[in-house]
Amino acid sequence: VLRYRGIVCDRCGVEVTEKKVRRERMGHIALEVPVAHIWFFRSIPNKIAYLLGIPSKKLDAIIYYERYAVIQPGTVEGLAAGDLLTEEEYLDILDSLPEGNQDLEDDAPEKFIAKIGAEAIYDLLCRVDLDKLSYELRAKASKDSSQQRKKEALKRLQVVESFRASEGYSRPEWMVMKVIPVIPPELHTLVPLDGGRFATSDLNELCRRVIIRNNRLRRLIEQRAPQVILRNEKRMLQEAVDSFFDNSSKAGAVKSDSNRPLKSLTDSLKGKQGRFRQNLLGKRVDYSGRSVIVVGPEPKMHECGLPKYMAAELYKPFVIRKLLERGIVKTVKSARRIVDKKGPEVWDILEHVIKGHPVLLNRAPTLHRLGIQAFQPKLIEGKAIQLHPLACTAFNADFDGDQMAVHLPLSNEAILEAQMLMLASHNILNPANGAPITVPSQDMVLGLYYITKLRKDAKGAGLVFYGREEATIAYNDGKVAIHAPIKVMVDDVDADGNPIRHLVETSVGRLMFNECVPQGVGYINSILGKKALRDIIGHVIKECGIAKTAKFLDDIKDLGYQMAFKGGLSFNLSDVLIPKEKDTLIQEGFAEVDEIMSNYNMGFITNNERYNQIIDTWTHVNTCLSGILMKQLSEDNEGFNSIFMMMDSGARGSKDQINQLSGIRGLMAKPQKSGTEGRTLLENPILSNFKEGLSVLEYFISTHGARKGLSDTALKTAECGYLTRRLVDVSQDVIVTEEDCGTLRGLVTEEIKEGDVVIASLYERILGRVSVHDVIHPNTGEVIVKAGEEINEKAATIIQDSPITNVEIRSVLTCESKKGVCAKCYGRNLSQGHMVHIGEVVGVVAAQSIGEPGTQLTLRTFHTGGIASNIGSEKYVKAKYDGILEIDELRTVDAKDEEGNAYQVVVGRLAEMRVIDENTRMTLITHHIPYGSKLYFKPGDKVKKDDNIFESDPFNAVIIAEETGKLKFEDVVENVTYKVEYDSNVSAGHKEHIIIESKDKNLSPSVSILNSKGDILRTYNLPVGAHFVKSNGDSVKTGDVLVKIPRSTLKGGDITGGLPRVTELFEARNPTNPAIVAEIDGEVSLGRVRRGNREVTITSKLGEERKYLIPLSKQLLIQENDYVRAGMPLSDGAITPADILAIKGPNAVQDYIVNGVQD
């Protein structure tokens, strides 16, 4: 080759040189006319359009040779640079120009210049003065009155600023190309196939079109072809170059013979399969392998079994080095030969090499950081990796053929990091919530549950022993059974953690378990299920630290397996008990359904109600049967029924599954088109169970639900992975950068309640966070936590038990670090149990913690017409402490009950009560007093503990008469605005009048109270679903209930659940039916109805007014004369985050989003 280098073949024009130039020499195509680069006018934001200030549509018209663009108006009146002209207008202007105007130099200011195509764009871009443009846009963005134009100016400014930032490197006019590059030939190869055909890269095809059109255009220009033909050819050249760079971004992509869009330059770079994500970031790496996993019960928690052939290959270079050092071989080549032959000396060296050199195990999909952990390898025979059973939960692994990848950390730093941070025995806590994640499961739990369960009449029950040893001897001797309740002197710790020795009633099995428990934890004397074990492990970590816990876990793992094996727990079909009561319950169910059907046929209930009642009936039958079944199972064989033990311990199986085995299968899902709402359950349930066997029809119905479940899961995984990816993308730069940012701001935290059920207690929400202020006990006045201190378990418990309802804590949302966040604002690192260290990537941890459980969330949006979500609110509100009652915003009317005792009825909607400690003047409890409550105390009264302060109706919202007089109903017409319903107990003849939605939107049902002269004193609007308590013409006293609105109908609409809800919150999307929100505090007055909208006016105490139009289809959440606060919804629907931001400011939005996601 050297001899012929540089010689060019005279036949084919190829130069003789080395092969590698085929990979590095670029070519180019010189274009006859400039061409705009598609990346700069087809991408969003449209860079060229933003710089020139031309709309995208018009820009396309210029680029694709449809319109002329004025570049310099010259002497022509009424034209500006950048205006568009049609062909006719252009020719007219040319004709009207003074003689010789077109012969002037281009820089003469009076010359008229207009061009078409990319040339015009090139000239316009050359004339852009970036600094001047930037100045103008800034002025516009700050001064312009319209929001739309302000936004537009800011978007343009971004593009302008990026060009200004790269001044000297890039000019705007370079977005138009005169030359296009061609990538080296080896990267778009042409391979001859046998048969004389060629397999070619798509790029060649696209490039060919560019060259053909370019050459044709050159020929036409030389031949002086007419403008029309030239313009068409130029347009085609522009299109060819567009598809060469990006063939997917526009309609009408170039197709190949097989009608597949050709893959352009951009397509091969972008997306998951593109060059970056597939080949640069997603490379396969050396020093790695993968194999099937099997369970490894022998290794310790930080070890895994590695097949020796795999290890020999992974550690090959290390082994070769040792072979050379020991002088067994002289050259690397011979060393490699020995390693390949796997000679006996290789295994010795391998044992030596792997000491202290951990491997990383990874199971796909890696949803959170515990999906990759480090283990110390042990060489094993066979070809499968042995995984420690306790590590399975973190990897979400099981042994039904899962595979795992092994990677080898090479550098000393990597090895150190793997040993210190990633070793499996250090990762016992889940970083998402601080709960132990290495919890024994399945067999281990079953074994431990079995030996800690007591059996009253077992052999040796009631014996007393002076110590553990004696009891063990008796057990080994067969004098006492493992389950027998016996009394033993044991070592324990008291409440303050001091060691004591006392007599407890326990069993031999529990003594065995306590042998594994580290000292200082105390004697654990209870039956062990999965939940109990999780709590114990958490407790052991707190008391003894991670190292001791790892040993404890290994010990209980061995004990659990051993005992599950010794217990010989299995079950057979006769363990599946079918309750005798099953038939009678089913008969009762059928009887009820018949009654419901006859009610429906007689027209007492609507079809929807019939459906709901039938579903309720069968659900009730199912629950009853399930309860009986569980009771029977738990009593069978003194609680030693294998199925019951497996379920009760949490090892395997759920109540649901056992119910299907021996109760009834229950209601099944209905085959549905996706996206249609309506009834999701078939109303005739499957009444057989798996023990009895299903009929063909029942089997067929079952298969539908099963298949739907599987397909949902598959869809869910992809959706959830994408959510995680977006979360990591936005949060990866949030890192703990300093110890303390010194902010004085924080978030006020209180417990989250749904109705009256506490979802997250105050203890959970403040544990491990840092308090902003001193937290003072309201009763004693002592400081529980100083400002800037971490709230630990002890302090959190004191706060939880005291009357304190909210604590202001430091939060990442209010942190004032310049970059990242500070340790004080973040609080405790949940995976370690102490304050977070500098450098922790808390953003990614947070993203993973939300993304990882995403697969368990549901995918669908539930369409439920108000499910009466059993609102278990109390009727009475009691004082929890003695103190003085204070009430804000109270409006009441006086009323008397049947016995004539006076009480007060609250008619304000914003009454808030507080009970205050007499001495420290600190608030002990706060509570909202709902409208219509009966109040038993006056503000300023002293209340005692457990006094009833007020009573309210938890099941109905009410409308209260605020005046005395006669009732008059307006627009209340039977079967138009109200219907009559009969109670299910028809014989009693109890009728109810219920307001319905009328077709006539102008009717608005209301009730007025008139005085003796017939003047209207008060008018109340009647919402849909309201039940009358009084009738027309009745006389009422103040405080009487006029109308009841059942609360179950108040909860309605779409309950967006699961994954879509989380996505919706993070993107702060505006919901489909937003609620209308009050912007100011004030009194409500309802205006008249016009065009199907009701006018609502809010007047503040200062006289400020705001008007809102609320569609009649929406339910009003307020009544005439209510007092509302800013940010309260006036109609049903979801509150838009944007509204909260506008009305209550950024902190409220943060609260709303955080609480929403945590739900």
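Sequential numbering from 1, following the chain as shown.
Even glycines carry a Cβ here, placed using N, Cα and C.
Look at Swiss-Prot and you will find D398, D400, D402 tagged as Mg(2+) binding site. As annotated by Swiss-Prot, Zn(2+) binding site applies to C741, C815, C822, C825.
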Excluding C741, C815, C822, C825 themselves, the Zn(2+) site's Cβ centre has within 8 Å the residues E738, D740, T743, R810, V812, T814, E816, S817, V821, A823, K824, Y826
Under 8 Å Cβ-Cβ from C822 (Zn(2+) binding site), six or more apart in the same chain: what's there?
V736, T737, E738, E739, D740, C741, C815
Per DSSP (three-state), D398 (Mg(2+) binding site) is coil
Cβ contacts within 10 Å for C825 (Zn(2+) binding site), all chains included, total 27
Cβ neighbours within the same chain of D398 (Mg(2+) binding site) - under 8 Å, at least six residues apart:
C392
Here are the binding-site residues: D400, D402. Which has the lowest count of other Cβ atoms within 10 Å?
D400
Look up C741 (Zn(2+) binding site) in the DSSP assignment and reduce it to helix, strand or coil.
coil
Tell me the Cβ neighbour count for C741 (Zn(2+) binding site), meaning other Cβ atoms within 10 Å of its Cβ, over all protein chains shown.
18
Which chain neighbours of the Mg(2+) site, leaving out D398, D400, D402, have a Cβ atom within 8 Å of the mean position of the site's Cβ atoms?
I293, A397, F399, G401
Residue pair C825 (Zn(2+) binding site), D400 (Mg(2+) binding site) - Cα distance, angstrom, rounded
44
